[in-house]
Amino acid sequence: MMLRYLKRHPFDMEGLYDWCYVANFDDIRIPKVLKLPRGIGTQLKSDIDKLITKLLKAMPLAFDNEIYFSRADKLKNQLATKQNTALEALTLEAKAQDVSLTITTQGDYQFVALNGEEPHTEESFELLDQKERDRFEQTIDALEIALRGLIRDLTEWEEGYSEKIQKLNSDVTLDVITHFIKELKSTYKSYPQVKEYLSELQSDIVENVDIFLEEGTEQGEIATASLDKKLPRRYKVNVLVSRPKDEPPIIVEESPNYHSLFGYVETATFKGTVFTDFSLIRPGALHKANGGVLLMDAVKVLEQPFVWDGLKRALRSRELSLTALEKQVTMTGAVSLDPEPIPLDVKIILFGDYRTYQLLQHYDPEFAELFRVTADFEDEMPRNVNSELHYARFISSVVHDNKMLHCDKKAMARIIEHSARLAGDQNKLSLHSAHIANLLRESNYIARAAKANIIRSSHVDKALSNQLSRVSRLQESVMESFVNGTTLIHTHGEAVGQVNALSVLSTSEHMFGAPNRITATTAYGQGEVIDIERNVDLGGSIHSKGVMILTAYLSSVFGKTAKIPLTTNITFEQSYGGVDGDSASMAEFCAVVSAFSRQPNRQDIAITGSMNQFGEAQPIGGVNEKIEGFFDVCAIKGRTPEQG
């Protein structure tokens, strides 16, 4: 009913947005959130995917051509020339002093004293006089100092070369990407968040251009380790919530657990390693209902651990923080994402029974502050011409929404009559729409099975009969006990001290009536009325109250001047499962008076109803079930003309 009401009333669509998560290139653990007008989030995702697809094709071409090779070779040759010139100069300087600069098998530079054109051996070097050996050692020491300085220069030159290559790569990358980014910035010029993201995206692609060039390598595989395996993960746009143009965000969450309500972060596996990123963030019902309405069953919310506290926290802070549930229930400090929170603007409707509402009011002081509007729905409404017309419209709407066959007038009248029966009052109609909808579905099925083109009253009757047959096992068992005589009852003649009372038995889906024999006996005593059910703990508090009212009335009538010199015992015969309610107090009174006076009661009738201390009969409930139950037993025992 609430859902129909919300969908049929105008909804302000201007305050609705798409919500997207994108990579935070400064701190990948804190994904950035983008707030975009409806439809723009999906468009941005598509445009970024197209951009990356183009770059995956364009980048390898830009780095695999003669122009790039020529510029890179020029830088490489410049470095090589500079290195060779410096090494040759040091080599010539060493040779002028009879020292050779060689490279060892380990790749290190080494100075060796020369004996003519050949290096000195250990033996030949030892044959030199001390002065000559000292000269060689001093010369080599000086040359090694010069070599160390040259090696530092070589390292600096290589670093400079790397920077120039990086600059070249950046220039080539910018040449490729600038045009595409400029077009996108023009497209999204009205969205500052998107323009800022595009600038950051461009800078990151320039710094990580290898992702686009290393297809087939492990780094490339890691970059594209996603379900589609086509686009680098860090450049995806995760559209968390996308708003259709004409659909208001009215969400019914049937299973409000922590993940389904607040969202969660999935994990993926690559070569045995579990990882996650912003593209694996999944929305919850609060994300989907943001800017709109979320409906939930209060009992289901309270049943799930951490959900109620999380819901209150979100409503207090007015933002959705996607915190991993594991952090709340464990003491570990596992690395996980901490996405930027999303501002929350949502109307939450909790529906449930009155008891749940009272418990929340009593035990949670924040409940009244967070949920300020209460709507108490009636179970029934007055039955008149106008309400019957509205009820017929409701039936038609259920038929239309579920694409059922339409009902003819008699079928419509039969359903309205059944609604009055559910209300237990011929002047009321039941508002339990789910029961009526189920009846319509079954009637529609029966009508279609019969190849009818409309639902008739006979189809409704058949559906009601089928429903009864599925839930009437207990009723059949009770009636069987009357058939085989297990339960004793008289529906003919007269008897002293006994009367047929009427009770209503119920299961979760069915109520039915049946007669009970109430008996009363008297003996000399002090005017007590002994309730056997109460004494053996089979009587409920309301039944005990009814017996006490009966006792008070008897005392007021027969004991005004002296105590009644009798003790009366009353009981429900063959009652083993407990008795409650006061609607048997009039029947108990008749049984007691019959026992007092020794005057018989008729057994072909049954009595129901409670009484007050003045002996006045009070209204009863379950009248249909009680009448039908006694009528069925009379039919079993053989009806008299007075019984119908």
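Note that Cβ sites are derived from N, Cα and C of the backbone, with glycine treated the same way.
Taken from TrEMBL as is:
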- Ser583: active site (ACT_SITE)
- Lys626: active site (ACT_SITE)
- 493-644: domain 'Lon proteolytic' (DOMAIN)
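Around Lys626 (active site), the C-beta neighbours below 8 angstroms that are at least 6 residues distant in the chain are Leu502, Ser503, Val504, Gly513, Ala606, Thr608, Ile620. The Cβ of Ser583 (active site) has Ala501, Leu502, Ser503, Gly546, Thr608, Gly609, Ser610, Ile620, Gly621 as same-chain neighbours under 8 Å, each 6 or more residues away in sequence. In the three-state DSSP scheme, Lys626 (active site) is classed as helix. Across all of the domain 'Lon proteolytic' (493-644), the predicted model scores a mean pLDDT of 90.
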